[in-house]
Amino acid sequence: MNLKTKIARLAGRSSKYLLHRFTTGGSSLPGKLALAIDPNILTSLSKDYRTIIITGTNGKTVTTGLTVNILKQHYNHVLTNPTGANMQQGIVSTFLSDNKDTGSEEKFAVLEVDEASVKHITKYISPEIILVTNIFRDQMDRYGEIYTTYNLILEGVKKSPDTILMMNGDAPIFSTPDVPNERRYFGFQNNDKKTDILAHYNTDGIICPQCENILHYHMITYSNLGDFFCPHCGFSRPALSYTLTSIDELTTESSLFTIDGEQYNLQVAGQYNIYNALAAFSIAQYLDVPSKLIKTGVHSAKRIFGRQESLYINGNDVRINLIKNPVGFNQIIELIKLETEPYILITILNDRHADGQDISWIWDGNFEDIAADTLNRGAYVSGIRMQDLQTRMKVAGFNEEQLFSIKEPRDVLSLIRNSPAKKVYVLATYTGMLDLRKEMVEQGILKERMNI
Amino acid sequence: MTLEICHLYGNLMNTYGDNGNLLMLQYAAKSQNVKVNTTLVSLGDDFNADKYDIVFFGGGQDYEQSLVSKDIQTKKNELLKYIENDGVVIGICGGYQLLGHYYINASGQYLNGIGAIDFYSDSKSSTRLIGDITTYNQRFDITLYGYENHAGRTYLGKSVTPLGEIKEGYGNNGEDKTEGCMYKNTFCSYFHGPILVRNQALTKVIIDLALANMNRRQKYINA
């Protein structure tokens, strides 16, 4: 290690110590400082680690969390970055924070990386695996088109040609073969090759990569994911290296599914999370984690904060879900459709920078699917753009007499306390969730601050 | 009687909540106790000018738009006939652009339009026009509110009326104070947000025009 790197490392670490000592938590500042002194610091920081990068539109955090939990069953030293610290500075900070001295044993770094930042990381690190969960339309003020996002990721992948590229084989966009890297796909098994269906019309990424006609499907899991084929040119889903054999049970609490004859119990609900578990499984199997330990790792994973949080407030069972784009939103709708008990639905929509300033995506969300749900005991809207939500839900067919708006987070919280149904679903954009959590902290329901 | 809606390239041109316009049209018609039937017309499908009362044509990603630009040439004659016969069309963003002569996209690709209305679009400047926008429509005396986010700049021919004069925001090109265009019963705009959700007065105008066409079409069928 040269002197510059040593100084950079020291500066980063001491700032980290000071930040921790005198403020409420860490940040990406140590990384920023260290990078300013030595822009190449990632190369030396990461040199003793086997690095795995996880990126994509949805499911990065859950997949990273699951992977870490599985690897920890088999390996002692697994480093990961906190949610939100998924750009270069945050990743430098993450490596700086790893003070644990575990001698000469193998060290792993499992990193959630923002789609546009992959290339800034692979400039310095040659990861063993880059895994891409999926690419969907995100907020329009982010990277825009799905092809733009995919190309940003590929730019990063190409910088490291020895890296294994693992991708969701059920996503047509990932079939384009213009990278030097070895590719491995994971996906859902399907033996029924007779069914011939189309994706919902309001879905993107459904064009045949070979002949540019509209793709058909033998089976759709959600959005544009499934066993696709092209009736015009014969193009079809690539061969899968890691296959989900069957989904055995889906509830609002958990899922049971089978991979390679082994049944797994995932304590995070939703079909989309089975994809995340399958992604984590693929990484773990590649890294030689015995299947018994993969099972333990999957089973013991807790709900990962914010995605699906469960709280008891005044005896009511409150489920809080983060919403940010239509595909993620629709998955939560799918979850609510599994509900068997009466519930109320609270949707909070803000349009601050962290939420995404353009909220028109709510018109791509399938509110229609639960509009007439007889278990719904009331639909409530809140947040800066609650009027827009109200219109959206009215058009979707929600009963106007059961559709209410609540302005203040305080009033939302008292509704939660006094809910007409025991189950409460809260769907909130990022700052909407922060506002509600702040209120919960003030009223002593929550102790911890959100770690951002 | 059934209001026939054509969702033109609805499975390719459907970005940024544009679907909300379609949902709002369906809702507005149903609120007047009119039955609605929506048909998706896409790659390789025929468009029949006599069959529809409203055509909705939304915005899309560059790649999808380039495919649509090729395919729409096969539907060009029927679409021109439909527009000339006072058929109601709502074109948003990419859909709007393809109703003009041509569009040169951000990567310099030349996309043919159908030239139904005298305008062209390009994206010479790399800056996107983003933000809240307010315009005024003289024909119906309506103020329109929206959100714009587009790289394309549209330049209207001398005799073409804009959908609105800019009060706030950029509009067609950020220069000439025009936004969208209006020709017979064809209404085009860059507004997202979606335009027919935020501007109920415009939705009413459009539904009334479409219902009049529906009645006319029905009489013709019965005659």
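Glycine is treated like the rest: Cβ placed from N, Cα and C.
TrEMBL entries are annotated by machine, without manual review.
B:C93 (active site, nucleophile) falls outside any helix or strand according to DSSP and counts as coil. Feature annotation from TrEMBL assigns active site, nucleophile to B:C93.
Here TrEMBL flags B:H192 as active site. A strand conformation is recorded for B:H192 (active site) in the three-state DSSP classification. The 10 Å shell around the Cβ of B:H192 (active site) contains 27 further Cβ atoms across the protein chains shown.
When Cβ atoms from all protein chains are considered, those within 10 Å of B:R128 (substrate binding site) total 16, not counting its own. DSSP classifies B:R128 (substrate binding site) as coil under the three-state reduction. Under the heading substrate binding site, TrEMBL lists B:R128.
For the domain 'CobB/CobQ-like glutamine amidotransferase' (B:4-199), the model's pLDDT averages out at 95. Positions annotated as domain 'CobB/CobQ-like glutamine amidotransferase' by TrEMBL: B:4-199.
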Among B:C93, B:R128, B:H192 (the recorded positions), residues with Cβ under 8 Å to chain A, listed in sequence order:
B:H192
Identify, in sequence order, the residues in the chain of B:C93 (active site, nucleophile) that are 6 or more apart from it along the sequence and have a CB within less than 8 Å of its CB; answer 'none' if there are none.
B:T15, B:Y16, B:D18, B:G58, B:G59, B:G60, B:H150, B:G152, B:S189, B:Y190, B:H192
